[in-house]
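Data first, discussion second: the structure below is written as structure tokens.
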Amino acid sequence: MILVKLGGSVICGGGLDNVTNDVEPGTVLIHGGGCMVNSVMERMGVKPVILKHPNGYTSRYTDEETLKAYVMTMMLINKLIVSKLNARGIRAIGLSGVDLGLVTAKRKERVMIIDERGRTRVIDGGFSGRVTGVNVNIMNLMLSNSDVVVVSPIALSQEGLMLNVDGDQIAENIAISMNVKELVILTNVDGVLVNGKPIDKVTKANAQEILQYTTGGMRRKLETALKLTELGVRTIIANGLRDKPIRSALNGLGTVVE
């Protein structure tokens, strides 16, 4: 099984065809698409709210109206990917983590933020969550009845709520639950950058030094990859905008974390 996390920056950067033309049977593809969510929200007259957290990360505040835009957009992206794959003769199925209880998550009841005045505050967590599990039986069932499974980052809470979750967390949980040996993370840059230049490899020996040069989403991706190395998973963070991005990444073109 090939596990691919397709970042929204690739989709919004015009790289969707590059990726779908390179997907092979036996692939599980998790996609993002936050930039498209913003566009849909603006058309709906809903202003996106991005939260800043004390750890330096940012996240989307997901209230009820934002959740509607998020689900609509993610499922549109999902079906765009599925339609492109099926047009190539690849039998693809697309679903969210809600379908058949594929991905479960715990709602974030409270989140800590830094407000516009620089003060640290605790606010309601809205409809966002942290992934708690993946139903391996359902995933295997989907893989045995199709060539490719495409997953949107929407999860199901124990209370039956749809939750906005991080696609990287879904990829991490699938990698762990299904004993995946390699994870490809496609973004809009050539890997992990240090002083503007991509580095070939991150290992336990140089990880802390490299982390100092990373921020935001890339830091989160690298931390996920480093966690997976402890479980024997090799992660390649690579540019999804290049030709044959998945094949190139599996051949080591990008930053290999192992």
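Cβ coordinates are placed from backbone N, Cα and C, and glycine is handled just like the others.
In sequence order, R60, T62, T66, L67, Y70, F127, S128, G129, P153, I154 constitute the residues six or more apart from N164 (substrate binding site) in its chain with CB-CB distances below 8 Å. Annotation comment: Swiss-Prot describes G33, G34, R60, N164 as substrate binding site.
Taken from Swiss-Prot, the feature site 'Transition state stabilizer' applies to K5 (among others), supported by sequence analysis. Listed in sequence order, L29, I30, H31, G32, G167, D168, I170, A171, L183, V184, I185, L186 are the same-chain residues at least 6 apart in sequence whose CB falls under 8 Å from the CB of K5 (site 'Transition state stabilizer').
According to Swiss-Prot, the feature site 'Transition state stabilizer' maps to K221 (among others), an assignment based on sequence analysis. Non-local contacts of K221 (site 'Transition state stabilizer') by the CB criterion (under 8 A, 6+ apart in sequence, same chain) comprise D168, I185, T187, I237.
Cβ neighbour counts within 10 Å, taken over all protein chains shown, single out G33 as the most crowded of the binding-site residues G33, G34.
The substrate site is defined by G33, G34, R60, N164, and by the 8 Å test on Cβ atoms against their centroid, the other residues of the chain that qualify are G8, G32, V37, T62, Y70, T73, M74, P153.
The maximum pairwise C-alpha distance among G33, G34, R60, N164, the residues recorded as binding substrate, is 12 Å. Cβ neighbour count for R60 (substrate binding site) (all protein chains, 10 Å cutoff from its Cβ): 17.
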